[in-house]
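> Here it is: the structure, laid out below.
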Amino acid sequence: MITSAAGIISLLDEEEPQLKEFALHKLNAVVNDFWAEISESVDKIEVLYEDEGFRSRQFAALVASKVFYHLGAFEESLNYALGAGDLFNVNDNSEYVETIIAKCIDHYTKQCVENADLPEGEKKPIDQRLEGIVNKMFQRCLDDHKYKQAIGIALETRRLDVFEKTILESNDVPGMLAYSLKLCMSLMQNKQFRNKVLRVLVKIYMNLEKPDFINVCQCLIFLDDTQAVSDILEKLVKEDNLLMAYQICFDLYESASQQFLSSVIQNLRTVGTPIASVPGSTNTGTVPGPEKDSDSMETEEKTAGAVAGKTPDASPEPKDQTLKMIKILSGEMAIELHLQFLIRNNNTDLMILKNTKDAVRNSVCHTATVIANSFMHCGTTSDQFLRDNLEWLARATNWAKFTATASLGVIHKGHEKEALQLMATYLPKDTSPGSAYQEGGGLYALGLIHANHGGDIIDYLLNQLKNASNDIVRHGGSLGLGLAAMGTARQDVYDLLKTNLYQDDAVTGEAAGLALGLVMLGSKNTQAIEDMVGYAQETQHEKILRGLAVGIALVMYGRMEEADALIESLCRDKDPILRRSGMYTVAMAYCGSGNNKAIRRLLHVAVSDVNDDVRRAAVESLGFILFRTPEQCPSVVSLLSESYNPHVRYGAAMALGVCCAGTGNKEAINLLEPMTNDPVNYVRQGALIASALIMIQQTEITCPKVNQFRQLYSKVINDKHDDVMAKFGAILAQGILDAGGHNVTISLQSRTGHTHMPSVVGVLVFTQFWFWFPLSHFLSLAYTPTCIIGLNKDLKMPKVQYKSNCKPSTFAYPAPLEVPKEKEKEKVSTAVLSITAKAKKKEKEKEKKEEEKMEVDEAEKKEEKEKKKEPEPNFQLLDNPARVMPAQLKVLSMTETCRYQPFKPLSIGGIIILKDTSEDIEELVEPVAAHGPKIEEEEQEPEPPEPFEYIDD
């Protein structure tokens with residue numbers, strides 16, 4: 001056994017090259033044990049490597065590389081490893097090889113990324129030896145079938161050639177494509193490179209044996225290529241693949257922005273007429289159509305004509321198909337279907353609300369109960385609780401009346417066709433002036449009903465705001481108009497809101513400032529930013545500043561690094577409200593990106609700013625940036641949740657609620673649990689609301705602590721000595737937990753992984769309830785129905801069943817509260833003589849002996865009963881439209897005997913077009929009527945009796 005390498009090292013001083021080679025081979029064998037000793041003579045080994053006449057100079061490089069590796073000098077080690085050429089074996093599994101390969105990839109990645117940002121002429125040459133090792137690494141991944149690893153390295157090193165090759169060579173091309181698309185959506189922060197990757201994905205998807213148009217359109221949404229989407233839709237219509245076109249339209253509505261959809265609709269309108277007038281026209285933009293277009297068009301016309309009950313000769317069907325697609329893209333269809341689902345499946349437990357109503361004793365809790373009721377009935381159109389408690393509701397005065405009236409907008413969310421009729425009694429009238437609070441609330445409610453889908457109601461709200469003379473009505477009108485015209489960037493709407501802002505009225509200005517942001521959402525409009533920031537720096541009203549703080553952030557929604565200059569200037573402002581606006585701007589610009597720079601900035605402000613509101617906003621904003629990876633959030637905010645500053649603790653609670661909304665994340669709940677007993681009441685409020693956001697729609701099986709928290713909410717509400725702030729949080733939490741009749745969840749991203757703009761906006765404005773309770777209603781924008789709705793070729797709901805392959809109790813509705821039984825009046829105890837007591841004692845002993853004899857029989861009977869109790873089945877059949885929770889989608893399938901085939905996997909959920917494989921007549925689901933006030937129809941007179949002959953006896 002060798003105890004020293006001194007003898008081998010001495011051979012390096014010999015003249016004979018063969019002795020030196022022998023020494024290097026021996027040193028290579030013992031370098032891991034004697035590297036410290038060899039390091040003293042490493043210069044001799046370096047000299048051998050530099051001697052170009054030395055035959056084994058590559059071996060010298062390998063030994064030197066290993067010595068430097070042990071010394072921790074990884075850069076030198078990498079340089080010598082590159083010099084070792086093929087002697088550096090990338091397939092070796094030693095720690096040395098793994099480390100050097102990692103360093104090699106890091107170094108190569110850094111050079112590739114730097115080159116990507118430089119113009120073509122200024123790019124630095126990359127060491128061919130470095131590229132050689134990386135290429136060997138790629139080959140090793142492919143040989144070992146580690147395709148995901150290869151894709152990851154290819155994307156990091158910007159090697160699109162390897163990226164494409166890896167996907168095509170993998171044994172699961174659709175799986176690799178889905179994985180790559182997911183990476184693009186969630187992890188890529190460089191927009192330019194992401195677009196290049198998406199173009200490659202589009203090419204691969206289109207070149208598949210059966211092109212995957214659904215995923216192509218998902219890529220095109222990211223690329224903001226509306227023309228290509230329009231071309232695909234036209235191509236599908238012409239190829240008689242109308243059902244696929246409908247499915248893509250539904251997916252587009254769910255994932256794309258309003259501007260994108262408007263552009264696609266515009267493109268369809270411009271090509272609609274030529275398609276209709278010339279069947280089989282090849283005018284399809286950039287997507288070439290097959291030769292048999294005219295035949296396919298004819299068959300489509302015949303089938304469509306039969307559906308509409310018209311003769312095929314008339315042939316206006318293609319235009320009719322385009323109109324249907326436009327109806328889907330505009331959102332009209334999805335909103336109607338979701339409304340039907342929520343009305344049909346409403347499962348609200350009114351007992352919870354009744355108990356809360358009976359327990360509340362002040363106006364703040366009264367308002368909270370009204371808000372909770374609207375959350376519980378969001379989109380169900382059921383105002384049963386309010387109708388049953390009109391006298392109690394009438395206690396709401398002033399701004400509480402405004403909030404209560406606006407809550408009807410949440411209850412009737414999406415009930416657009418009859419919105420004006422429903423709200424008629426609360427809206428401003430020409431004849432007699434009503435309550436300003438009621439009228440303002442009514443206009444706000446109209447905005448909530450039409451949120452992000454304004455249409456004709458925008459002009460109505462515009463006129464009402466123009467004619468409003470009262471600041472309260474203007475407040476409600478501004479909020480309503482902002483919601484209805486969200487993201488439209490309409491100049492006339494912007495100008496009117498700006499006029500209202502410049503009146504320098506605190507109440508009007510607060511709503512107008514926020515509404516400006518809603519209208520210009522994500523537009524990055526320079527003029528809007530200048531107007532808003534300029535006015536914010538001038539005004540003396542804190543309320544106006546608060547509205548503008550959020551409004552400014554909304555203008556920069558999704559703009560990422562384009563918002564950096566504005567963020568810098570806001571963060572340096574001496575006004576704490578504008579610094580807070582800077583935090584919200586970071587949250588909106590980088591929402592869902594997981595951007596490290598943004599996270600670092602927020603964490604820095606969270607511990608360094610002198611203003612509590614700014615620190616709280618900074619921590620809250622972390623939730624918006626991390627929501628794509630909710631499992632990361634608890635570790636990021638865990639220390640902040642134990643901060644000495646209660647505002648930071650509150651912010652940490654809300655960040656967890658926002659980031660982990662609807663996930664039932666156990667780590668997040670474990671962090672929130674101690675915060676529900678915090679000595680500061682508003683921290684408890686935040687923890688209670690955040691816990692409900694996380695546990696919305698969770699059952700005891702999916703999240704064991706849900707019932708424990710339900711009891712906690714009830715305990716806080718019923719405790720007379722508890723603080724109003726905590727009670728407000730508990731009441732709101734009850735409403736959130738059971739939202740939409742137990743049929744909605746909260747998610748900041750769409751089912752396909754795109755950031756869901758209305759949800760992000762809704763949650764951000766909801767967090768402003770800290771300053772202004774009526775803004776709580778904005779949370780309704782984030783409620784997403786957890787449904788699967790199957791549609792046939794006529795876009796009607798057929799009667800069909802889905803099979804959920806798990807026990808019904810796993811995702812069941814929570815059991816309703818039991819109605820408490822009336823207690824019998826206690827009888828006054830009478831005096832008992834000692835003799836009577838002794839006699840009774842003897843009787844009891846006799847009875848006890850008899851009972852013991854009976855026990856055996858009773859035990860046998862109990863066992864029989866237990867045997868009779870049937871075990872729970874392992875599956876459940878759900879009727880269309882079905883309530884299916886996100887976790888349940890994985891175990892969902894069509895029944896074996898089903899006549900329908902879905903156009904995309906059921907595991908995605910949402911609205912799915914079904915292909916009918918049978919010729920039989922379809923059974924359709926009957927639509928249900930919405931609740932709410934109706935115009936009384938005149939009763940029809942009874943028909944006169946049939947003629948008869950009267951015979952006198």
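In case you wondered, yes, glycine gets a Cβ from its N, Cα and C as well.
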> According to Swiss-Prot, which residue among Thr273, Thr784 is annotated as phosphothreonine?
Thr273
> Among Ser315, Ser432, can you tell me which residue Swiss-Prot lists with the annotation phosphoserine?
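Annotated as phosphoserine in Swiss-Prot: Ser315.
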> From the list Thr311, Thr629, pick out the residue that Swiss-Prot labels phosphothreonine.
Thr311
> Apart from its near flanks, which chain residues at least 6 from the ends of the repeat 'PC 4' (511-545) lie with a Cβ under 8 angstroms of it?
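Residues 257, 474-479, 481-483, 485-490, 493-494, 497-498, 500-502, 504, 551-559, 562-563, 566, 569-570, 573, 575, 577-578, 581, 757, 761, 765.
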> Taking helix as H, G and I and strand as E and B in DSSP, count the residues of the repeat 'PC 5' (547-580) in helix, strand and coil.
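Tallying H, G and I as helix, E and B as strand, the rest coil: 26 helix, 0 strand, 8 coil.
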> Just to be sure I understand, if DSSP states are collapsed into helix, strand and coil, how many residues of the repeat 'PC 1' (403-436) fall in each?
18 helix, 0 strand, 16 coil
> Sorted by position, what residues of the same chain at least six away from Lys720 (N6-acetyllysine) have a C-beta under 8 A from it?
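When sequence neighbours closer than 6 are ignored, Lys720 (N6-acetyllysine) has Arg361 within Cβ distance under 8 Å.
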> Where does Lys720 (N6-acetyllysine) sit in the DSSP three-state scheme?
coil
